[in-house]
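Colleague: As listed in Swiss-Prot for this protein:
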type: TOPO_DOM; residues: 1-11; note: topological domain 'Cytoplasmic'
type: TRANSMEM; residues: 12-32; note: transmembrane segment
type: TOPO_DOM; residues: 33-58; note: topological domain 'Extracellular'
type: TRANSMEM; residues: 59-79; note: transmembrane segment
type: TOPO_DOM; residues: 80-85; note: topological domain 'Cytoplasmic'
type: TRANSMEM; residues: 86-106; note: transmembrane segment
type: CARBOHYD; residues: N108; note: N-linked glycosylation site
type: TRANSMEM; residues: 109-129; note: transmembrane segment
type: TOPO_DOM; residues: 130-144; note: topological domain 'Cytoplasmic'
type: TRANSMEM; residues: 145-165; note: transmembrane segment
type: TOPO_DOM; residues: 166-179; note: topological domain 'Extracellular'
type: TRANSMEM; residues: 180-196; note: transmembrane segment
type: TOPO_DOM; residues: 197-271; note: topological domain 'Cytoplasmic'
type: REGION; residues: 200-248; note: region 'Disordered'
type: COMPBIAS; residues: 214-233; note: compositional bias 'Basic and acidic residues'
type: TRANSMEM; residues: 272-292; note: transmembrane segment
type: TOPO_DOM; residues: 293-315; note: topological domain 'Extracellular'
type: TRANSMEM; residues: 316-336; note: transmembrane segment
type: TOPO_DOM; residues: 337-341; note: topological domain 'Cytoplasmic'
type: TRANSMEM; residues: 342-362; note: transmembrane segment
type: TRANSMEM; residues: 366-386; note: transmembrane segment
type: TOPO_DOM; residues: 387-399; note: topological domain 'Cytoplasmic'
type: TRANSMEM; residues: 400-420; note: transmembrane segment
type: TOPO_DOM; residues: 421-434; note: topological domain 'Extracellular'
type: CARBOHYD; residues: N431; note: N-linked glycosylation site
type: TRANSMEM; residues: 435-455; note: transmembrane segment
type: TOPO_DOM; residues: 456-472; note: topological domain 'Cytoplasmic'
Amino acid sequence: MLPCFTRKPVDHPLGFLVALSGLLMQLMSYGIDNSYSIFSDDMHKDPSLGYPSVTTISLGNSVSLGLSPAFGVLCGFLVDRVPPRLMMAVSTLMLFAGLWLSSTFAHNVTAVTFSYCLLASISSACMLSPGAAATSSWFNRYQGLAMGINFSGGGVGSAIIPSLAGKWVVAYGWRKTFRLMSAFCAIGVVATLLSARRAPPKKEEAGPSEYDEGQERQEQGEEEQAHTDEENRNNNNSNGETTPARRGLHTHKLNPWELFLTMFSRAFLGNFFCWLIFSWAFYSLIYVAVPYVSSMGKAGTVYADISPIPTDIASTLFTFYGVFQIVGSILVGWLATGTTNEFAYVLCATIGGIFCAFLGFCRSYVAFALLLCVIGFCMAGMFAVMPALIAERLYGPNLGFYMGAVFLAGVVGGFSAPPIQAELQQRHYGNYTYVCVFMSACMTLAAAVCYITMWRDKRVRIVSAAAEAKLA
């Protein structure tokens with residue numbers, strides 16, 4: 001976008017076009033990345049790869065999904081200093097190159113991991129923080145809704161690309177399917193052209209009503225942080241220390257040491273652990289969904305007596321999952337705008353945890369579809385609210401870094417969940433019940449962490465501020 005278009009007041013409608021660019025980037029990236037487990041069986045039977053084991057193939061999924069947050073920290077640091085569209089262009093190019101390199105030159109699963117999965121991981125990192133940071137710069141009042149639109153792209157991609165990939169891999173094999181999927185990278189080109197960070201308007205050009213409303217919203221957030229900031233200063237001053245990093249968090253670009261110090265604040269740690277615990281459930285579901293459903297009727301498993309569900313049919317469940325991710329992202333974003341981000345997150349995590357437990361009892365296609373609709377809705381809502389939670393507490397010129405640093409927690413779940421879950425179900429004769437219980441526990445614990453570290457603390461600050469205002 002040209003500077004004359006980006007120099008707009010807070011909450012300007014043009015910001016929704018930037019949110020749309022984030023949606024398109026996530027459609028491309030997550031739609032392709034989430035399809036990887038669909039190729040597991042075809043790669044396992046491929047003589048050109050040496051018939052690799054399922055666990056070995058799952059390591060590629062770990063690299064693709066798990067290392068992305070690690071690269072995201074660097075990308076978050078860079079997006080505070082370079083235009084978001086540059087990062088998005090790199091993301092599109094890396095994903096396109098990975099699909100073609102692996103499908104053309106890979107002759108073992110290790111080559112697939114390094115030629116596709118590693119590049120896909122970097123690609124995902126280059127689009128997530130830039131898209132979220134660019135969108136958040138346009139909004140205060142409607143930030144929850146805008147983030148919901150931005151993060152609904154994963155649902156759109158999951159509804160479209162995996163179902164197509166499931167049909168293509170049966171008809172053409174994984175190599176040609178990779179090349180066909182590369183056509184979706186054209187979406188990334190369009191998204192790159194639409195993305196831009198908002199530039200503050202000149203005072204004489206800014207409409208007083210819209211601009212002042214955005215400023216009032218930001219000042220309210222600053223007041224909510226005042227109580228916590230004062231406690232941190234008092235604690236540090238009692239030890240003979242000063243807190244320049246904490247004082248300048250929202251107003252100055254911090255140096256690496258100051259950024260490191262702020263990572264021990266309650267605002268950062270609360271967001272970090274919410275994402276850390278949730279990532280276990282999310283990446284477990286992405287990896288096991290299709291293998292779990294397609295194991296129905298498979299000999300040698302506890303589901304041998306169940307009516308079989310072929311892989312190409314099982315992959316279509318991502319359509320239901322993806323559609324309800326779209327609905328969940330937008331509706332939960334709207335709910336967060338009308339209530340609080342913390343309430344929306346806790347509600348989605350609690351309901352999602354309950355239905356993850358029920359997933360272990362499913363045996364039919366219809367039952368899987370119904371539960372994945374609810375789980376997709378809840379997980380998408382958590383995805384949409386998470387950046388808003390980060391922006392609400394860590395807003396300012398360092399927001400891109402904090403986005404990437406919080407998403408770094410996903411390394412734990414993304415990198416370790418797929419091989420652990422693959423090994424877990426194999427040790428129990430293909431029984432996925434343990435995986436479902438684990439996902440349920442993680443979702444529930446994420447809700448508890450959000451309530452303890454953010455929602456309850458926010459309510460206490462608001463009540464205290466209201467009491468002080470009443471006494472004054």
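Using the three backbone atoms N, Cα and C, a Cβ is placed for every residue, glycine included.
Can you tell me where each of these features sits in the structure?
Modeller: Note on the transmembrane segment (12-32): residues 1, 5-6, 88, 91-92, 95, 99, 120, 123-124, 127-128, 131-132, 134-135, 138-139, 142, 146-147, 149-154, 156-158, 160-162, 181, 184-185, 187-188, 190-196, 198, 210 of its chain, located 6 or more positions outside it, place their CB under 8 angstroms from a CB of the stretch.
Averaged across the topological domain 'Extracellular' (33-58), pLDDT in this predicted model comes to 84.
Remote same-chain residues near the transmembrane segment (59-79) are listed as 33, 36-37, 87, 109, 112-113, 116-118, 120-122, 124-126, 128-130, 133, 283, 286-287, 400-405, 407-419 (criterion: CB distance under 8 Å, separation of at least six residues from the stretch ends).
With a cut-off of 8 Å between Cβ atoms, the residues of this chain six or more beyond the topological domain 'Cytoplasmic' (80-85) that come close are 130-131, 133-134, 192-193, 195-197, 253, 397-401.
Same-chain residues at least 6 positions away in sequence with a Cβ under 8 Å from that of N108 (N-linked glycosylation site) are, in sequence order, L49, G50, P52.
Same-chain residues lying 6 or more positions outside the transmembrane segment (109-129) and placing a CB less than 8 Å from one of its CB atoms are 25-26, 28-30, 32-33, 36, 43, 49-50, 52, 56-57, 59-61, 63-72, 74-76, 79, 87-88, 90-92, 94-95, 97-99, 101-103, 178, 188, 400, 403-404, 407.
Counting residues per DSSP class in helix, strand and coil order gives 9 helix, 0 strand, 6 coil for the topological domain 'Cytoplasmic' (130-144).
Tertiary proximity for the transmembrane segment (145-165) is limited to same-chain residues at least six positions away from its ends with a CB under 8 Å from its CB atoms, namely 15-16, 19-20, 22-32, 34-35, 38-39, 131-132, 135-136, 138-139, 177, 181, 184, 290, 315-316, 318-334, 336-337, 376, 380-381, 383-385, 387-388, 391.
The helix, strand and coil residue counts that DSSP assigns across the topological domain 'Extracellular' (166-179) are 13 helix, 0 strand, 1 coil.
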Colleague: Thinking of Cβ pairs under 8 Å, which stretch from 272-292, 316-336, 366-386, 400-420 has the most of them with the transmembrane segment (435-455)?
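Modeller: Against the transmembrane segment (435-455), the leading stretch is 272-292.
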Colleague: DSSP three-state call for N431 (N-linked glycosylation site): helix, strand or coil?
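Modeller: The residue in question, N431 (N-linked glycosylation site), is coil (DSSP, three-state).
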Colleague: How about the transmembrane segment (272-292) with the transmembrane segment (86-106) - do they touch, taking at least 3 C-beta pairs under 8 Å (6 or more apart in sequence) as contact?
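Modeller: Between the transmembrane segment (86-106) and the transmembrane segment (272-292), which are separate recorded stretches, there is no contact, as judged by 3 or more close Cβ pairs.
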Colleague: For N108 (N-linked glycosylation site), what is the secondary structure by DSSP, using just helix, strand and coil?
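Modeller: In three-state terms, N108 (N-linked glycosylation site) counts as coil.
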Colleague: Taking 3+ C-beta pairs under 8 angstroms (sequence gap of 6 or more) as contact, is the transmembrane segment (316-336) in contact with the transmembrane segment (180-196)?
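Modeller: No, since the transmembrane segment (316-336) and the transmembrane segment (180-196) share fewer than 3 Cβ pairs closer than 8 Å, they do not count as touching.
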Colleague: With a Cβ cut-off under 8 Å, give me the same-chain residues at least six positions beyond the ends of the transmembrane segment (342-362) that come close to it.
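Modeller: Contacts with the transmembrane segment (342-362): 144, 274, 278, 281, 285, 328, 332-333, 335-336, 368, 371-372, 374-375, 377-379, 381-382, 385-386, 389, 432-433, 435-437, 439-444, 446-447, 450-451, 454-455, 458.
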